[in-house]
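Q: First the structure, then my questions, so here it is.
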Amino acid sequence: MGTLLLEVTMLKNKFFPLLILVSVLLSLISYLLNLYSDWLFFDETGFSSVFTTTLYAKTGAGLLFGGLLFLFVQINLHVANRAQFPLSGMHLLGAGNLGINRDQAVRLCKPVSMLVSFVLALLAGNLGAMKWKDLLFFANRLTVGTVDPLIGKDVGFYLFSLPLLDAVKGVSGFIILAAAALATAVYYVRGGILLTERGVAIDEKVRRHLAVLVGIFACAVAAGFYLDSFKLLYADNGAFYGAGYVDVNSRLLTYRVLTFLTPLAGAMLAIGIWKGVWRMALLAPAIVVALYMLGIRVYPGVLQKFKVAPNEMALETPYIMNNITATRFGYDLEKIETVPFDVDTKLTAADIANNDATIKNIRLWDHAPLLKTYSQLQQIRTYYKFFDVDNDRYMVNGRYSQVMLSPRELSYADLPSKNWINERLIFTHGNGITFGPVSRISKEGLPEFFVKDIPAVSLADIKVSRPEIYYGELSNEYVIVKTNVPEFSYPTATGNITTTYAGTGGVPMDSLLKKALFAAKFRTEKILLSSDITKESRILYNRNINERIRTIAPFLHFDSDPYLVVDQKGRLKWIIDAYTHSTRLPYSRPLKGGINYIRNSVKTVVDAYDGSVDFYISDPDDVILKVHGRIFPKLFKPMAEMPGDLRKHVRYPHHLLQIQAAMFATYHMTDPKVFYNKENLWEIPVLGDKAMEPYYTIMKLPGEKAEEYILLLPFTPSKRDNLAAWLTARCDEPQYGKIRAYTFPRDRLIYGPKQIDARINQDSFISQQLTLWSQRGSEAIRGSLLVIPIEKSLLYVQPLFLAADKAGLPELKRVIVAFGDQLVMEENLELALQRIFGGKKAAPAATSGVSADTQASPATLAKEAVSIYEKAITLQRQGNWAAYGEELRSLEQILKKMAR
């Protein structure tokens with residue numbers, strides 16, 4: 001039995017290194033295969049230089065950090081392993097039961113320590129490789145031309161140098177501690193450190209070696225204190241961000257003293273360890289710790305409580321100003337022009353007629369109901385899916401129109417027959433778009449279309465010549481095109497229409513090596529064995545547009561809402577906004593994720609058919625993008641090179657204005673005293689439990705001659721519901737990117753969205769109608785409440801949708817309009833406006849609020865009331881509850897007139 005166990009043990013000992021070697025080789029092969037497939041992808045998209053630059057940076061950073069650790073640790077282990085100590089042959093403490101004596105352990109010391117240091121070097125190298133962007137930033141850094149107001153460093157130091165210095169500091173400390181720990185372990189094994197009954201006995205050679213490491217570590221700690229002084233500029237001081245009075249007059253001074261004192265204390269500690277004078281050794285770090293606690297923790301609290309708190313406004317004013325200036329720069333708020341908006345309620349029917357383009361482009365269709373409606377009317381087959389609806393503007397039949405557009409993508413989860421050939425060779429792409437106006441409604445309450453169906457039927461001068469969507473938001477799987485199997489294009493009544501890919505996207509499958517590579521990458525032997533794949537075939541992967549652009553440019557932050565446009569040639573192109581950002585701008589207030597600097601510097605375009613990607617520079621003044629341009633000179637193109645037909649569809653990002661609005665609500669106050677007292681703090685209105693979001697519309701801005709596409713968001717004063725201002729970002733050239741804040745008089749009440757919402761909820765007629773619809777089994781869905789500035793007045797518009805149930809088809813059945821004290825609900829926007837402003841006679845409809853008295857006599861009014869009552873009773877018997885409710889509303893108005 002014992003012999004058998006011995007043989008098993010010998011076999012394990014023999015094959016264990018082989019298993020490790022095989023595992024390492026397999027991991028290496030897998031890594032190289034992925035690396036090669038990534039290179040093929042970058043080569044296909046024309047960005048191979050980005051791949052090589054990134055690869056060199058990651059490799060260089062990994063070798064630098066890992067190599068430094070391995071070299072430093074090996075030098076220290078070499079010194080430790082050369083040392084000779086007595087007492088060889090004695091059992092190690094705690095290892096006697098294992099049968100390990102010191103001689104055996106000493107022989108294992110070198111290989112084990114080598115292995116451990118190699119593993120630690122791999123860890124450090126991996127951490128270093130993750131800092132490749134910081135390394136490239138440092139190597140290509142630029143000056144901004146603006147210095148921080150406290151230390152006087154150029155802002156470029158914080159953006160491009162400090163991140164790498166922080167990483168070097170952290171890795172340096174880890175390297176020194178790793179060397180000290182491994183050297184200590186070797187000394188213990190070799191007998192340089194003994195555990196005796198009287199305590200720990202440390203040989204003189206060991207003490208000298210560790211003393212040197214302690215001195216080096218003290219220098220690393222001092223460097224850390226030096227870098228920590230810069231981080232004071234990111235401090236959260238409650239009322240503002242950045243270094244304040246206490247930071248400047250206590251913590252900054254302490255960090256500077258500690259930076260100078262810590263190396264001296266480290267030298268004292270090293271000398272104490274070298275000589276074995278432990279009191280001297282412990283005194284030095286005790287002084288540093290005491291000074292740190294006193295200057296960083298204790299004294300700042302005392303200073304804050306007894307000096308700053310009673311005089312905070314006076315003492316913190318210059319630092320508040322620093323915070324205001326930096327935050328306005330960080331979020332590009334300086335470009336926002338503030339304009340007074342002297343609102344009135346004098347809007348007339350003539351004004352409505354003069355702003356016809358604005359009225360016709362008020363968005364009545366909400367994204368969620370429209371997406372559900374599109375899905376039920378235009379999905380065509382279960383394997384097609386509408387993922388999102390986007391806003392844009394086009395010249396449609398000669399009119400500048402806001403439209404809603406949704407791509408019809410392929411949903412692999414809903415394929416009727418799931419097998420490899422169907423999923424990878426036949427069903428390869430989505431097909432076409434659904435495209436319609438934002439405000440037009442059919443008699444049934446359904447959206448109208450400019451482009452619909454498969455193949456695309458265009459009811460306007462918008463033509464889609466290349467409707468296939470190979471690259472989209474739902475294209476998460478690889479496909480192989482140009483095979484012997486025809487691709488499915490679209491269904492017809494007589495059968496399916498097929499197609500063959502004619503684009504240049506994807507990687508050619510022109511060799512056995514590539515087939516083997518992708519078979520391994522996607523873990524299927526079918527790619528290697530399929531006879532349908534020829535040398536002309538191409539494999540399309542990274543087809544999800546979000547994944548695609550993030551793979552190419554992971555250093556950019558991309559918007560979560562790509563939108564599809566139709567260019568002049570009828571091709572479908574995705575436009576995705578890209579941002580540069582940083583967490584390192586001094587004194588700037590951060591977002592929740594830590595970002596305190598952001599610019600929309602890049603517009604990304606992806607062709608939905610061939611997957612080609614272009615990055616266009618939309619903000620050439622952004623210093624971070626300038627550094628990216630130095631790192632990747634072939635990545636970005638000037639905005640002037642973007643085709644003119646695509647530039648017409650560039651829009652100001654919803655996400656960016658949302659961020660800027662959140663900051664501008666506070667940082668429009670540029671006077672430190674007003675800022676400190678929050679005298680004019682704004683908020684983004686909240687309806688229900690959700691804050692309003694910016695929305696696109698076409699309108700004529702005050703003082704402008706023509707309508708334009710804008711992004712708009714209102715503000716209310718803090719903890720109040722009336723309007724304070726509205727923010728607008730312009731989207732059309734040549735005014736693109738200009739932002740205005742139109743402010744209302746503070747001494748007048750201007751109804752805000754929440755107040756209008758409350759009035760709608762309290763309106764007896766609207767409540768009655770909602771109740772009637774509910775009793776009939778319909779679900780009423782109130783759409784977004786929009787504020788529409790026209791001339792010097794404000795209109796509020798809210799659509800009302802009806803659905804048979806939660807899964808039913810939403811129909812736009814009513815439009816609610818509020819103006820001043822008037823509130824109406826009608827079947828469409830035109831009728832609602834006619835009820836308020838007059839003009840063409842509208843059908844009898846609901847209206848509430850102040851209206852002009854008629855000259856009718858009481859007898860005439862009484863006859864009219866009786867007539868309306870009889871009509872209402874007839875409608876009630878017929879079960880026409882909607883018309884019945886309208887007649888009751890009209891009766892209510894007549895009775896009110898009679899009462900007056």
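For all residues, glycine too, the Cβ spot is worked out from N, Cα and C.
Found this in Swiss-Prot, in case it helps:
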type: TRANSMEM; residues: 15-35; note: transmembrane segment
type: TRANSMEM; residues: 60-80; note: transmembrane segment
type: TRANSMEM; residues: 112-132; note: transmembrane segment
type: TRANSMEM; residues: 174-194; note: transmembrane segment
type: TRANSMEM; residues: 210-230; note: transmembrane segment
type: TRANSMEM; residues: 257-277; note: transmembrane segment
type: TRANSMEM; residues: 282-302; note: transmembrane segment
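Are these features on the surface or tucked inside, and what touches them?
A: Nonlocal intrachain contacts for the transmembrane segment (15-35), taken as residues 6+ away from its ends with a CB within less than 8 angstroms of a stretch CB, comprise 55, 517, 520-521.
Listed by sequence, the residues of this chain that lie at least six past the ends of the transmembrane segment (60-80) yet keep a Cβ under 8 A from its Cβ atoms are 110, 113-114, 117-118, 120-132, 135, 171, 174-176, 178-180, 182-183, 186-187, 190, 192, 209, 213.
Same-chain residues lying 6+ beyond the ends of the transmembrane segment (112-132) with a Cβ under 8 Å from its Cβ atoms: 54, 57-70, 73-74, 77, 81, 163-164, 167, 171, 174-175, 178, 182, 185-186.
Below 8 angstroms of C-beta separation, residues 76, 151, 153, 158, 162, 165-166, 169, 172-173, 176-177, 179-180, 183-184, 251-252, 255-256, 258-260, 262-263, 265-267, 269-271, 273-274, 586 of the same chain, each at least six residues beyond the ends of the transmembrane segment (210-230), sit close to that stretch.
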Q: Against which stretches of its own chain does the transmembrane segment (257-277) lie, if we need a Cβ under 8 Å and a gap of at least six residues from its ends?
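A: Result: 202, 204, 207-208, 210-212, 214-215, 217-219, 221-223, 225-226, 229, 283-285, 287-288, 291-292, 295.
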